[in-house]
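Colleague: Pasting a structure below so you can have a look.
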Amino acid sequence: MLDVNVFDELRIGLATADDIRRWSKGEVKKPETINYRTLKPEKDGLFCERIFGPTRDWECACGKYKRVRYKGIICERCGVEVTKSKVRRERMGHIELAAPVTHIWYFKGVPSRLGYLLDLAPKDLDLIIYFGANIITSVDEEARHSDQTTLEAEMLLEKKDVEADAESDIAERAEKLEEDLAELEAAGAKADARRKVQAAADKEMQHIRERAQREIDRLDEVWQTFIKLAPKQMIRDEKLYDELIDRYEDYFTGGMGAESIEALIQNFDLDAEAEELRDIINNGKGQKKMRALKRLKVVAAFQRSGNDPAGMVLNAIPVIPPELRPMVQLDGGRFATSDLNDLYRRVINRNNRLKRMIELGAPEIIVNNEKRMLQESVDALFDNGRRGRPVTGPGNRPLKSLSDLLKGKQGRFRQNLLGKRVDYSGRSVIIVGPQLRLHECGLPKLMALELFKPFVMKRLVENEYAQNIKSAKRMVERQRPEVWDVLEEAISEHPVMLNRAPTLHRLGIQAFEPVLVEGKAIQLHPLACEAFNADFDGDQMAVHLPLSAEAQAEARVLMLASNNILSPASGKPLAMPRLDMVTGLYYLTLEKSSEEFGGQGAYQPADENGPEKGVYSSLAEAIMAYDRGVLGLQAPVRIRLNHLRPPAEVEAEQFPDGWNQGETWLAHTTLGRVMFNEILPWNYPYLEGIMVRKGGGSDKIMLGDVVNDLAAKYPMITVAQTMDKMKDAGFYWSTRSGVTIAMSDVLVLPNKEEMLDRYEESARQIEVKYNRGKLTGRERYDRLVELWKDATDEVGQAVEDLYPDDNPIPMIVKSGAAGNMRQIWTLAGMKGMVVNSKGDYITRPIKTSFREGLTVLEYFNNSHGSRKGLADTALRTADSGYLTRRLVDVAQDVIVRVEDCGTRQGVRVPVAAEVLDATGAVTGYTRHDLIETSVSGRVLAGDATNAAGEVVLAAGTDLTELNIDLLVEAGIKDVKVRSVLTCQTPTGVCAKCYGKSMASGQQVDIGEAVGIVAAQSIGEPGTQLTMRTFHQGGVGGDITGGLPRVQELFEARVPKNCAPIASVEGVIHLEDEGNFYTLTIVPDDGSDNVVYEKLSKRQGLASTRVAMESNAGAFIERTLTEGDRVTVGQRLLRGAADPHDVLEILGRRGVEQHLIDEVQAVYRAQGVAIHDKHIEIIIRQMLRRGTVIESGSTEFLPGSLVDLSEAKLANSEAIGAGGQPAELRSEIMGITKASLATESWLSAASFQETTRVLTDAAINKRSDKLIGLKENVIIGKLIPAGTGISRYRNISIKPTEAARNAAYSIPTYGESIYGDDGFGEFTGASVPLDEAF
C-alpha cells in the first residue's frame, strides 16, 4: 500500500492489458459468487479466496491451516494464502476476454478520443465496433500493384465467361421457343396462345441478360473497390466485403468489431500523423484547420505522455476487490449484493459462451453477435446507460456501473473522499444559554460522557478508580458518581466545535469550551446565533471533538467564538446584541422628561424656589435614590464621575493633558446611561445617547459602531467580555422594561375610513376615464398603483403619529430589535398593495389591517404574494448553495503564499468626494460612499500625493481608518492600491496585495485560504438576494437582478437583451428604421465610422449624463440623442453589457472593474456589505487563462487555453533560446469552466463531469502536483493552507525567555478589565506566532 505522506504528485494514465494482468492475483473464470449451502466463495468465481485472499483472518479455505503462525503459507489443498482477511479490500483479479473490446469512455465520450485519433466519425465507429460494418485495416499496395495486370486479365476473362454463359443460355431458350411454337402450330393453336408463349420466352431471355449484366456490374464494383482499397475505408455492404475476401484476401486485411480498431491502432504512426496535422494547421484554413487542431490535441497528448493508444482497446479487464462490491446476507436468508457483481457476471457469462463458440467453430455471424454482446456487457460495467438502454436490475432500476460510483453527490469523490463521517461527534437540539460566556457552550452530560469516553476511561485508571480499561468502561456505562467528577476534569480546557448546517461560511463551525448541563439539549450563547444563523425553534447542531494537542490549540486560538466577532466578508461585527438584548439596552439608555417619568430625584435647574435638584456626588448616591424609588432610571440627572472616561469633547475642554482615572467630571446624563457605560472598558470615552441596533438619529448611537470601535481599539478578549456584559445587561433590563405585546397595544386609527373614502373617489374617477377610453390600460394601472401607494403611506404615517413613545410596539421597532414600521402599518393601518403570481400589482389594495382582519377577497389576494415568497425562498436556497459550491471550487487553491510579490502595479480606487456649495464651488472633501468596501484594509501601491505634490502617505502604507481620514483631509480623490488582480504570485496571492484580513483587522497571515473565504463571503448572503427579474413597463424587457444576475456575471454569460458598447470615442448619428435604430459613431480621430445596426427600439437607448446649460455644476440624466458624444465602453442601449465585449474593447482592467461594479450593485441593493477584494479573487481566477493565437516556438497548440503565468514563463524561455514567443489573447471564463480547466485533475473530477475529466487526464497522463486544498483532502493529507503549510508544519518549538515570561501574563477570561489594574491599555491577547518560535 502507498504510505499516504510519502508522495508529492499523483499521476493517472491508460492501463494496458499487461498492467491489468500484473495487478491481478488470478483470473476469474466463473460467474458464481458464493455457494448457497455452505455460504463459502466458489472457486474461480467472483469472490474466490484463492485469488482475493481468505475470508477469515489467518485461515485458509479448507481449514487445514489456522492461526497466525502459518502466516504466508499457501495451502497445497485449496491454494489460499494464509493472511489477514483485509487483503480482500486490496487484491484484484482479472477476466481474460475471448475477443478485444473498446473502452466506452474513449469511444463514446465527447469528443470521441478514438474517433479523433483514427479520424473516424463517431457514427462510423459505432457501426464498426458493434458489428454493423467492416473496415479495411491494411492494404498490401506493392503486391496489388505488381499483380494488377494479371488480376485485371482474370477479371476480364471472368466477365467474358459470364457473357458467354448468358449467350449460350439465351441460344438454348431461343431453340426451345422454336420447338414450342412448332408444336403449337402442329396442334393448331390460336395466335393468342402462340403470342403468350413468345412473350414468356422473351421475358425469360430478358431476365438472363439482366442477370448477366448485374453479375458484370458486380464484378466491376468488386474490381473498382479493390483497386481503390485504402486503410480506414468502411464497407457497409456485407456481400461486397465477402466477395473481396474470397477473391483478394492476400492483398488486404479488414474486419469488424474492436479487433479491427485494435489493428488500426497498432498500425498507427503517431509522429507521422502529428507532422501531417501540423502541416495542415500551418497551411490550411476553415473547417479543415479546425478539425486538424482538434485531432492534434489528441495525437499530441499520446505523443507527449508516452501512453500506448492500444490501452483504449482491452484484452483483459480488471476485477475490483470483493470487499469493495460486497455480498451480505439479509435477515430472511436472502442476499443483497452490489450491482457490480451483476455486471461482472454478465461479462463472464458472455465471455465464457464466446470462448465455447470459438472452440466449437460456430458460424461467423453467431460469433460476431456474441462478440457484440460481450462489448455491450463491458460497456455496461464501465458506464451503464452511456450507449443504448441501461441494463436494469430487479424493479427496472438501472444498475450502478463503475462510472456511477464516482459521479455526482453520492459518488465516491463527493460522498466518501470529500465528505467523510467522523468519530467523536454527536448532534442534538439547541436551546438558548443566557448564563454562558461568549466562549462557552452547554453540553448535555450524557452526550459529553459519550464523546469524552476514552479520556474519562483513561483518567479513571490513572486516578485508580478502576484497575483496567475494561472495568473503567463498565463504570462509564453504569454512570457511577465518580465518573462525573472525572468527566469535569476531562472536559476542562478541552474546546469542542459546534457546527450548524448549512455551513455557508467559516463561522458556521466555531469552537467553545464545554460546560456540563442537565437535560439533553446543547446550550448555545445568544450572541453566537447570528454567525450560525441559528434560532431556537427546533434547530439542531453537531458537536465535534478536536483530539490532538495541535487540533485543540487551533480550535482555541483560531476558532474560539470569542475570537470570531467580526465577519470575514465585511469586517463588521457579527456577535451583536439582538432582539431582547437590544430592547433592554434601548430601555436602559432612553431619556424621558422629568414630568413624564422620573420622580423628585430628576434634575431641575435652580430657580427662585431653590437650588438645582437631581445633582449627585457619585454613582452610588444616584443608585441609592433609584433604589428608594425617588429617581427614575431614564430621568435626566447630573452625576459626578471619576471612574469612567469623559466624552472626547469634555476631555479636550477639562483635561487638555488627557484624563487619568480618579479625576472627576460632571456628566449630564441619565442613571441608565451611566450603568450602560459601566459595561464598557473604563478607558472608553463615555457614550451619551440611546442605544439602537438600526435606524440612527441625532441622539441615537448604533450598537454596531460601538462594537466595531471596540474591536479596533481593544484586544479580542476585552471585546468578548464587554459583549457578554452587554448581553447580561440587555436581558436584565429587557425583563424589567415590561415590553410585551398584547392586542390592546395595537391601536386602531379612528379616522381611517374618511381617509380611504377620499382615495376611493379618486380611484372611481380613474375607472370612469378608463371606461370612456381616455386612458390606456397601462396608464390606468400606473395611476391606480400610485394612488393606492399614496393612500398606504398616508395611513401609515397617521398610524406612526398615533402611537406614543412608550407603547411596546414602537419601542421594539425603534430600538432596531425586530420588525420595521411597515409591519406596524400592516398591523394597525392597512396592508396596501400586493402583487399577483406574475409579480404585477393587484389594483385593489388590502384596506384592512391585521388587527381588524382581512375580508375573504383580500385574504385571497394576499395569498398570491405570500405563496410566491415561499416558493422564491426555496428556489433561492438551492441556487445560492450551488453558486457557493462553484465559487469555492474555482477559488479553492488561492492561498496567501508569500509576504510580498514585489509588484508596483495596482488599481485606482476613489477615496474622497468633493463637497459642493450652492454655486458648485468645492468647499471641502468627505469620505467616498464606497470606502468601506473598496479602500479600507488595503496597502498603497504608490505614494499618495496632494495637489501640491507633497507625499501624504508613502507606498506600502496600510490604509487604516486613520490613514484614510488623512487622505480625505488632504483632498486626495483617488489612490493606487495593491490588489489581487495585479498580484504577480504565480499560484495564490501575496499578503501585501491582499491587505488585511477582514475577520481579524490585521494583515493576512501566510497560509490563509483567502480563496475559500472569498467564495463563502459572496455565496453566504446569496439566500438574501431576490430571484426577481424586474419589469420595466414594457421598455427594455426584463432586467435580471438578484441571484440570477450574480450567476450570470460569474459565469460570464451573454446577458439577455445585452447592450452593445461603443468601441471608439466620438459623436453619434441616429437613423430611425421602423422598429430599429441604426447608430453610427463618427470617431474623433478621423478613422472609419463604426456602425451598429438593428438596435431594438423596444429595448430603448441608454441614458447619458449631460451638463446643464443653466447651472454649470449640475448634470441631468437623459437618453442618448442625435449629436451626443460617447466615450469608449459606454453602453448604447439599456440593459447589461456583455463581459466579452468589455474585455475586447476596454481590456482586462475594464472588464475587472465592470464585473466588480455589477456584482456589488446587486449586493448593495439588498444592503449586503462585501469587500471588493473577495470579488476580485474570483475575477482573478476567471481571467487567469488566454487562448494561443500563434504558438511561435513554444510547445503550445494554437487554439488551446493556457495559464497566463505559464505562458509568460514559456515565452521568456523561447526568447532566451532565440525563438519566437507565443501570441495570446486574454479570455474570460465562467466559474464552472474555470474550475474544470484547473491544473489539478483530482479537483476537477470531484467537481463536475467526472468521467470527461478523468478520460482527458488519463490520455494526457496528467500529474496532479497536489497544490490546492481539495486534492489533498481527497488523498487524506493535511491541506496546504493555514497551519498545514510546510512553514508552520515543520517548526521546532523552542520558546524564548521573553515569550515564556509573556505566556504567564496572558489575561484569562475571568480577570477583570474594569478594575484599577491598568489592564485596559493591554493590547495583545496572545503572543504572536513569530515571537513564540
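Positions of Cβ are set from backbone N, Cα and C atoms, glycine also.
What Swiss-Prot records for Cys60, Cys62, Cys75, Cys78 is Zn(2+) 1 binding site. If you look up Swiss-Prot, you'll see Asp535, Asp537, Asp539 marked as Mg(2+) binding site, on the strength of sequence analysis. Residues or ranges marked as Zn(2+) 2 binding site in Swiss-Prot (evidence: sequence analysis): Cys901, Cys983, Cys990, Cys993.
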Colleague: Within 8 Å of the Cβ centroid of the Mg(2+) site residues Asp535, Asp537, Asp539, which other residues of the same chain have their Cβ?
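Modeller: So the extra residues in range turn out to be Ile430, Ala534, Phe536, Gly538.
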Colleague: Cα-Cα, whole number of Å: Cys62 (Zn(2+) 1 binding site) versus Cys990 (Zn(2+) 2 binding site)?
Modeller: 65
Colleague: Ten-angstrom check, please: count other Cβ atoms within 10 Å of the Cβ of Cys75 (Zn(2+) 1 binding site), all chains counted.
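Modeller: So the Cβ neighbour count for Cys75 (Zn(2+) 1 binding site) comes to 20.
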Colleague: Cβ atoms within 10 Å, counted per site: which of Cys62, Cys78, Cys983, Cys990, Cys993 has the most, among these binding-site residues?
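Modeller: When each Cβ's neighbours within 10 Å are tallied, Cys993 tops the list.
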Colleague: Take the C-alpha atoms of Asp537 (Mg(2+) binding site) and Cys993 (Zn(2+) 2 binding site) and report the distance between them in angstrom, rounded.
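Modeller: Answer for this pair: 44 Å between alpha carbons.
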Colleague: In sequence order, what residues of the same chain, 6+ apart, have a Cβ less than 8 Å from the Cβ of Asp535 (Mg(2+) binding site)?
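Modeller: Once residues fewer than 6 apart are set aside, Asp535 (Mg(2+) binding site) is near Cys529.
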Colleague: For the binding-site residues listed here, Asp537, Asp539, which shows the highest count of neighbouring CB atoms within 10 A?
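Modeller: Selected residue: Asp539.
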Colleague: For Cys990 (Zn(2+) 2 binding site), which DSSP three-state class applies?
Modeller: strand
Colleague: Which are the residues of the chain, Cys60, Cys62, Cys75, Cys78 excluded, whose CB is within 8 A of where the CB atoms of the Zn(2+) 1 site average out, their centroid?
Modeller: Glu49, Ala61, Gly63, Lys64, Tyr65, Glu76, Arg77, Gly79, Val80
Colleague: Rounded to the nearest angstrom, how far is the Cα of Asp539 (Mg(2+) binding site) from the Cα of Cys60 (Zn(2+) 1 binding site)?
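Modeller: Cα-Cα distance, Cys60 (Zn(2+) 1 binding site) to Asp539 (Mg(2+) binding site): 53 Å.
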Colleague: If the Zn(2+) 2 site is taken as the center of the Cβ atoms of Cys901, Cys983, Cys990, Cys993, which further residues of that chain fall within 8 Å of it by their Cβ?
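Modeller: Near the Zn(2+) 2 site, the remaining chain residues are Val898, Asp900, Thr903, Arg978, Val980, Thr982, Gln984, Thr985, Val989, Ala991, Lys992, Tyr994.
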Colleague: Counting other Cβ atoms within 10 Å of each residue's Cβ, which of the binding-site residues Cys60, Cys901 comes out lowest?
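Modeller: Comparing Cβ neighbour counts within 10 Å for the binding-site residues Cys60, Cys901 gives Cys901.
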Colleague: Between the Cα atoms of Cys78 (Zn(2+) 1 binding site) and Asp539 (Mg(2+) binding site), what distance do you get, rounded to the nearest Å?
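Modeller: Here the two Cα atoms lie 58 Å apart.
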Colleague: Could you measure between Cys990 (Zn(2+) 2 binding site) and Cys75 (Zn(2+) 1 binding site) for me? Cα positions, answer in whole angstrom.
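Modeller: Rounded to a whole number, the Cα-Cα distance is 62 Å.
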Colleague: Cα-Cα separation of Cys983 (Zn(2+) 2 binding site) and Asp539 (Mg(2+) binding site), in Å?
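Modeller: About 43 Å separate the Cα atoms of these two residues.
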Colleague: Among the binding-site residues listed here (Asp539, Cys901, Cys993), which has the Cα closest to the Cα of Cys75 (Zn(2+) 1 binding site)?
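Modeller: For Cys75 (Zn(2+) 1 binding site), the closest Cα among Asp539, Cys901, Cys993 is found at Asp539.
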